[in-house]
Each structure stands twice: as structure tokens, then as C-alpha cells.
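Record features, source TrEMBL:
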- 10-522: domain 'Cytochrome oxidase subunit I profile' (DOMAIN)
- 28-49: transmembrane segment (TRANSMEM)
- 69-94: transmembrane segment (TRANSMEM)
- 106-129: transmembrane segment (TRANSMEM)
- 192-219: transmembrane segment (TRANSMEM)
- 239-263: transmembrane segment (TRANSMEM)
- 275-296: transmembrane segment (TRANSMEM)
- 308-333: transmembrane segment (TRANSMEM)
- 345-371: transmembrane segment (TRANSMEM)
- 383-405: transmembrane segment (TRANSMEM)
- 417-439: transmembrane segment (TRANSMEM)
- 459-484: transmembrane segment (TRANSMEM)
- 578-596: transmembrane segment (TRANSMEM)
Amino acid sequence: MSTAYAEKSGFGATLWDYLTTVDHKKIAILYLIGGGFFFLLGGLEALIIRAQLLFPDNELIQAGTYNQIFTMHGTTMIFLAAMPLIFALMNAIVPLQIGARDVAFPFLNSLGFWLFLFGGVLLNCSWFLGGAPDAGWTAYAPLSTTAEGHGVDFYALGLQISGAGTLIAGINFLVTIVNMRAPGMTYMRMPLFTWTSFVTSVLILFAFPALTVGLFLMMFDRLFGANFFDPAMGGNHIIWEHLFWIFGHPEVYILVLPIFGLFSDIISTFSKKRLFGYSAMVFAVVLIGFLGFMVWAHHMFTTGLGPIANSIFAIATMAIAVPTGIKIFNWLFTMWGGSIHMTTAMLWAVAFIPSFTLGGFGGVMLAAAAADYQYHDTYFVVAHFHYVIVGGVVFGVFAGLHYWWPKMFGKVLNEKLGKWAFWPFFFGFHLTFFIQHFLGLMGMPRRYWKFQPDQGLELGNIVSSSGAVLMTIGAVIFLINVVYTSIKGEDAGADPWDGRTLEWAIPSPPPFYNFKQTPLIRGLDPLFIEKQQGNGKMTPAEPLGDIHMPNNSIVPFIMSFGLFVAGFGLIYQVDDATWLWAVGIGLAITLFSMLFRSVKDDLGYHIHKEDLEEEADAE
Ligand code: HEM
Ligand SMILES: [Cu+2]
């Protein structure tokens, strides 16, 4: 290991290092651990749902508990599992793909993570403090505004805090991709994963504020006696649905676009071909991002917006099938005639194409407004969105982890175990969710605690629940693979997959400064170009020189902790005004940390040229 900045070892030192780190690669690992933990929690909740729905008239859990579990399953999976897992991959890879030494604002990067984590912990504290939120992950008013207990308050405050973290992360990636690209890395030379992360960051920037506003209004209605969503007092509960879905629909593209990007990279790498239709792919991503904001009312066809609004939103929704189709054909054409290597990552990618496409078909069916009166709030909807979210996002996260694990940890995940995890998960997934389309068409409503015997729903539900068991087996094998690889995995080397993009040009795991010299980019797939036309190494764009690095800081952790304390205070001041002290103390902690950060100079440090040279000699 390098340089004079020798690191202390031992558990305490490692813990402190991670609490204070501003290195995008370590923050990626934090997101991976946090998101992975919540994914397991959300998965456990899903298993409880499927256990309750195994038999008709089942009394395994109480109706009220069921409401809490499906609400927390959905909320956890979307906000605390899928989002952070995607941020894990973006953090680990985007700076490397553009030839940057870190993100634009490393301090903010750390703040974004800790806000997400404390928000998620706050939300989950509700389990131990009188009950979790139970108004669905969509928290429609007036159900949410009149729900008893503090569950929904935890929802409003927890998501507000973690949402702030997401917004910060989105802005950070935007600035990073606009400003930090290496010389020669023009927009139209960026790998698709970077492109989609860029568009996703734009969507975050425009979508999350709608959620922020909605949650603030909800907080005022529930905690301070306001009536924004109460028609009896002159409010309007439909406004919540608009605010929620103006955020909520783009959110599904926020989740799936980076996945489109990583599949594009993976399919091109393992087909040993340049991505087919690169510029059409970029165009399609931007168009999907734009149209994603035009369709939110397809979630509200049955609220009585009227035939004109319904028709416009129906057509806009169906229009998204066009750029999505462009992408699907381009993936197929990339594979066409390629020399295909069926690694585990590629297996997930190939499985993703038909799975996600089926989800898209369901989506176009739901978009037919008149027909949606039949599908709405049935299991057909549950089937549809799990096809896109599991068949898209979860498959994508597995693919991305297999593909980039060597870059992140220096070891290749075991391929055999990887495939053993894939098959049960893949079959389990289709078993669980395909049949739900039919359960929905047969009239089984979504979010119901029980179904009745003799309605023909028994078999379908048993099939669905057994699929969930298979998926669990797949997930467990993946975890075993992680443990096995960390003990026995083979060393990856810099470029285990014969990669095409810049992240494969530096060692695995990369040194903490990433690139010793910023590379010069000569075209799309820059490393591939150097392998074809050069000596397989990137040409440096600058002479060897000192590298400026940011300092670690505990301040982001403390800032987020302050908001966590204030969140509790806000929730409980309704019962007892002394809790206002907690609000004051929490906000004081946060504001004081901000002041401290503003007035104290933190200029970072330099890695000296001589140390880098010494390291080069040692190599
Ligand atoms: C992996 C196995 C999974 C299983 C077996 C599963 C199962 C279920 C079931 C049965 C419901 C419906 C509850 C009801 O309406 O009565 C549900 C709802 C939901 N699931 Fe999943 N799910 C899984 C994964 C995921 C993932 C990965 C996500 C998102 C990233 C997700 C997001 C949601 C959402 C948003 C809801 C709606 C919750 C609500 O109605 O408020 N699920 N899930
Ligand atoms: Cu939508």
C-alpha cells in the first residue's frame, strides 16, 4: 500500500474511518451495506405477506399488522433498498467511468448517505414505538391524515430526512458528471451507465421536491392542525395524490434508468461488441426521462379527472413504450452476432430483457384508462410493478454487483454460486408474480388481508407464495457467495472481463485517489480503443503531479443525527409539549454543525508527486 498516509488498522479505526469517510468508493460500500440490510428486511416483510396469503381465511397475523407490513414492505423496498443500492453502484462506478478522482462534493456525498440512513432508522423505529405506518406506501389522504397513532408521522419525518439525502446525492452526481469528466470525455462518449445516472440525477432534482412539499403539508396536517388535505375544512385530498405521483412516477424511472445503463454496459462487454445504436440509446434515455414527468395521472384514472385528462395521460403513458422499445431492440441487436460470454452478470442481463418487457406489457394494459377501472387496486397492479421493479431493478442490482464486485472489492464473485443463485431466483420470481396477473383479473383486491375460500383464488396464491420461497433461496445463495468470495475468492486483477470502459483501466480495488494521472479519452469505449490501437493502457492527459484530496469529517454524521433527534421531537410534541426541547436540541445540533462547517477552513491535503513516483517504482 501506498504513501506516507499509512492507515491505522483495527476495528475501532476502521469504524471511525467509515463514519468519517468522504471517499466515493467507501461511501458506495456504506450504501451497499445499508441498502442490503433494508432489502433483507423488506424481503422478510414480503415473506410474511405471502405467508398470510398462503391459505384463504388465514389468521396468521392480525389485519392491523398486515397493513403495517405491506406499507413498510413497499416503503422500505423503494426508499431504503432500491434507491441506496443504486446509489451504491453509482458511487462506486460513475467517477471511475468518467476518469474523476472523486465526486464533485465529497463532503455532501457523505451527508447524503447519513441522511438516508438516519431517515430509514427513524422510520423503522416506529415498529418498536406503537406501530409502523399503515396507510400504504402511497399514504393517500385522508387515510393517512386521520390514521391513529404515530405510524404515519414516522413515515412523513423519516422519508423527509432520507429524501433530503437523496436530493443531495442527485445534485452531487449532476455536478460531478457535468464538471469532472476527464479530457476528451465528451457527453457522447460517456458510457451508458454514466448517461443514465446523469438523467436519473436530473429526475431526482425535479421529482423529489414534489415529495418534500407533500410530506411537509402532511406533517402540518397531522402534527400542527392544518387542513391541506381535509375537504371538510376547505382542503383537497386529491392534491396529495398529485404531489405524490408527480414524484412517484418519475421515481420508477429514477430506479430503472441506471439499471438500463448498467445492462447496456454489461451486454456490450459480454457480447464483445460496441453497443448497438449508442446515440439512439442516449436519445431514448433522455426521452424516457422527459416523458416520465408527463404521465403521473395514470395512477389516478379512477379519481374522476374526466375523459379528456384520462385520454391525454393514457396516450402519454403508451408513448413511453416507444423509446423503451428502442432500447430493447438495441440490446438484442448488440447481442446479435456477438461473441457472447454467459457470465452470471450476463445471465441476469439476458433474463432481464423478457422479464422487464412483460412488465412493460402490463403497463401498457394498465394505461388504457377505461380498462384500468377493472385492474385498479387489484393484484394485476401488484404483478405489473413487481415485473418492472424486480425483473428490472433487482435483476439489475444483482447483475451490477456481479459485474463490478471485482472493481469494488478486488475479488470475482464465484461464478458457479452466482448461477446457482440466479436460477431459483429467476424461476421463483416468475412463479410469484406471473400468476398474480390472473388473480387480479379474477378480482383479488390489492392490500386485502384475507381472501375467501371457494372463489378460485386458492391455487394461485399457493403458487405465488412458493415462488417467494424460491426467491429467498436464491437470495441466500447470493449471500453465501459473498461470504465465500471474501474468504476464498480469486483476485480479480484490474480487468477481469476484458472491459471496454475506463473503470477497468485502474487496479481493483482502485487506489484512494483513483487515477494517478488523469487519462486522455479518445472515443467511446476508451479502454477498448487503447487495446485495439495502443498498448492497452490509457494515455495520461497530464504530467505526474501532486494530487489534492479532501479530508475526512464526522460533521455529516452529526448533522444527520441532529435531524433524527428533531424528528422524534416533532412526532411526540403532539402528546407532550416538552418534546419541543428535542426539536430545539436536534435542530441546534444540525445548525451548529452547518455553522462549524462554514466558518472552519478545510482545505484538504496533498499526495505528493514523490510519493506517487515511489509507488510507481514499487509496482
Ligand atoms: C422479492 C420478493 C417480493 C415479494 C414476494 C413481494 C410481495 C409483495 C406483495 C404480496 C405485495 C402486495 C401486498 C398487498 O397489496 O396486499 C407487495 C407490495 C409492494 N411491493 Fe413487493 N414484493 C417483493 C419485492 C419487492 C421489491 C424489490 C420492491 C421494490 C423495490 C417491492 C415494492 C412493493 C411495493 C411498492 C408494494 C406496494 C405496497 C403498498 O401497497 O403500499 N416489492 N409486495
Ligand atoms: Cu406511473
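Indices start at 1 and increase along the chain as displayed.
Cβ coordinates come from backbone N, Cα and C, glycine included.
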Under 8 Å Cβ-Cβ from the transmembrane segment (69-94), and at least six residues away from its ends along the same chain, one finds 24-25, 27-29, 31-32, 34-36, 38-39, 41-42, 45-46, 48-49, 61, 103, 109, 112-113, 116, 120, 123-124, 127, 132-137, 151, 155, 159, 162-163, 166, 169, 173, 176-177, 193-194, 197, 200, 251, 254-255, 258-259, 262, 389, 393-394, 397, 400-401, 404, 407-408, 447, 503
Can you work out the mean pLDDT of the predicted model over the domain 'Cytochrome oxidase subunit I profile' (10-522)?
97
Can you tell me which parts of the same chain pack against the transmembrane segment (239-263), counting only residues 6+ beyond its ends and a CB-CB cutoff under 8 A?
78, 82-83, 86, 89-90, 138-141, 144, 191-197, 199-200, 203-204, 206-208, 210-211, 213-214, 217-218, 228-229, 285, 288-289, 292-293, 295-300, 303, 327, 331, 349, 352, 385, 388-389, 392-393, 395-397, 399-400, 403
Tertiary contacts of the transmembrane segment (28-49), as residues 6+ beyond its ends and Cβ separation under 8 Å
18, 21, 61, 66, 69-70, 72-73, 76-77, 80-85, 87-92, 113, 116-117, 120, 124, 408, 468-469, 472, 475
